[in-house]
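Copied over from TrEMBL, here are the features:
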TRANSMEM  9-27  transmembrane segment
DOMAIN    435-832  domain 'Ionotropic glutamate receptor C-terminal'
DOMAIN    445-504  domain 'Ionotropic glutamate receptor L-glutamate and glycine-binding'
BINDING   515, 520, 685, 769  L-glutamate binding site
TRANSMEM  559-578  transmembrane segment
TRANSMEM  634-657  transmembrane segment
SITE      664  site 'Crucial to convey clamshell closure to channel opening'
TRANSMEM  854-878  transmembrane segment
């Protein structure tokens, strides 16, 4: 024998003797207790813990207990076999005259648990149950009488209390969505409604999928707009779930909370993650006892908290029964009936107060004390549990290794206890940022790409969403939908574009100039409109009015100008002929008209000048003396008046008509012509409008045709359908056919390019939303918006059907409307936009004639002045160089009698002129013998006659 073992026996024998001596001194006797132990398949930890408790009782005779246990095991889904086994064991115990004092129930949930509850209730057996369920969850024990509440007891296991920490975390961190995954170490059947009751958090509670479907399960949860994940399970299950998630699911817009009953450290092979890790802690005052039980009785199975719960519960129940028996409170005439004797009404009426005895047990616990409601309206069942604390840590994992663990706080197990935060800043960092997925379609000015912008986009809708985000407090990531469509439904009822993304839960928000349509509202939700009543309009190329400096000459055709010029020369020639040969003309009657003030000889030069000036407001001057010449002049005046009046009127009309030349002014004009092609954007709401209008016309036609060709109608009824005109409009049918033939552009840029490439022979008009067209006209000087808007509909933000964002965004948009923020945004993007082109103002009826059209008149002036200057130079050259220079001798003498001046000896150079006598009729001076030698151009005071 090992001497060390011998010493151990020497130590133990005195201890046992001492314990027996104490028992003998106290007069305490050993109490025999019969228990019926009912467990569930796969709940092996309960079997181990109960066996350890019985072993503990055997090795501690000071407890005064001797336990005889009968064991029944059942399946969670098979109640029939379990009930038969219970009745068999119970009947056997009665036949052997050792009825059970206690039914110890460790079934977890389901029909097995309810079967045990029904069995104990019907036969009146004192029961202590460790089944899952809060107050009212155990259906068979839901309406117990006060007497039965005294001996039918339920204590919630730790795995039933731990999920309550999720409620406390969600309340503290104000989480709006959650996915709760759990494995078979937790039971959540009864918590689907109660766990987050009265908390506005969208949540999904589901079991962890197997290895094949686990990744797709997480993906589906993410598509449900969930970014807060809670995992309840063993460390192995937690590790599998974390490793199944994509790396992108550990970014800042996700939060992971893992909760386990085990006390080991968290390990998983993820690249980069920070996870909130919660695990139970034992009571500090019970650590010595816990260590002793673990080593002495080998209770080391995980999770330890559950094993020690079953151990403490069994021991406490046995001691409570023992105390009742020893105190004499156990009925002496205890009545028992078998399952065969039970008829539904003959349940034994026992008055056993097991609850009080259970509460009064003073045996110390191993992991944590029992929390039992004392007095008040709170019932024992559904409110009694083992107290313990959960340690809350933040675990940072890098490349599969845990690099840092930081304590965040603790949580004391309770149904409504808040978490106790030790590091508020750190726990806030573990909150998943509210980041919504936004899909959009680029369409200026609502959405435009901008690499310099924080989100890569700018525009009216981006500014709107930013203002909403300030109110609702969220962040977002924005992407452009792949097909560039807002969403249309095909013949099979399938959607594309943003609507498809929202239906598939791949997007949280649909943003852009998205029209509210009835069919879209059947699959998605819209907020209140942020842009009211946007109609369809027409965009065409702005007609460029050709400008010309000599446009005033184009009023009359060239042959008219030539005829006017021919009439001018012909009339001038006739006046010269009539004046030369008429006996009454001035040049043929000089003596007759020598005293007239008006003396004008109509030579060819004067005739040309007269006819020219007669066409001007200045007038032609002195008219011919002869009657024939005057008739020619009067005829020319009449001709000139008619020509000038006609020219003036036609010039104004010509300029006005050129400005008003617009081929299309409305949708009706567009539908009635075939020269200009037209089409809406492919997949747009405008396309849907025209397509449906055409379909409606076709349906109306079929209805009318069926009515008119119905043979069952009488002659009178058929005559009422006989009309000369076609009763059903085919306007949109023809327009839709023309659109299909013209080809629908796939983008707004393509439509604008087709408009610019159109010619006068084959124009193109685009039909689209008025806001888009208005912005294109604002930023392009060669485009114009034609006609009035039609088919008005509002713009709104799209969200998933049933999404809480609808109400949140509605409130935010209404607040912005009240602040007039949306009006400011419209001003910014449609009137004060930086990209707005400074276009020249087009001519209209209220404007005057532009310099481009009348500038030729100024050119005429400059040309006339230039010609006059050239003529002056020619005259100077002609008189200076073509005529010889003249030398004049002037002799001046004063004639006192006549008071005149005699000029003598006027000599050309090299030759004397014939002396003439000139008399100044006004002064009466004679100039004579004034001998001056000078050049003719310098004689400024004399007017010699040549």
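Positions of Cβ are set from backbone N, Cα and C atoms, glycine also.
Automatic prediction, not curation, is the source of TrEMBL annotations.
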For the recorded L-glutamate site formed by 515, 520, 685, 769, name the remaining residues of the chain with Cβ within 8 Å of the site's Cβ center, in chain order.
486, 513, 514, 516, 517, 684, 688, 793, 795
Residue 769 (L-glutamate binding site) CB neighbourhood, other CB atoms within 10 A:
27
What is the interatomic distance between the Cα atoms of residue 520 (L-glutamate binding site) and residue 664 (site 'Crucial to convey clamshell closure to channel opening'), given in whole Å?
33
Is it possible to list how many residues within the domain 'Ionotropic glutamate receptor L-glutamate and glycine-binding' (445-504) are helical, extended or coil according to DSSP?
20 helix, 13 strand, 27 coil
Would you mind listing, in sequence order, the residues at least six apart from residue 515 (L-glutamate binding site) in the same chain with a Cβ closer than 8 Å to its Cβ?
486, 534, 685, 769, 793, 794, 795
Site diameter for L-glutamate, Å, by largest Cα distance between 515, 520, 685, 769:
18
Can you work out the mean pLDDT of the predicted model over the domain 'Ionotropic glutamate receptor L-glutamate and glycine-binding' (445-504)?
89
Of 520, 664, 685, the recorded positions given in the record, which has the fewest other CB atoms within 10 A of its CB?
664
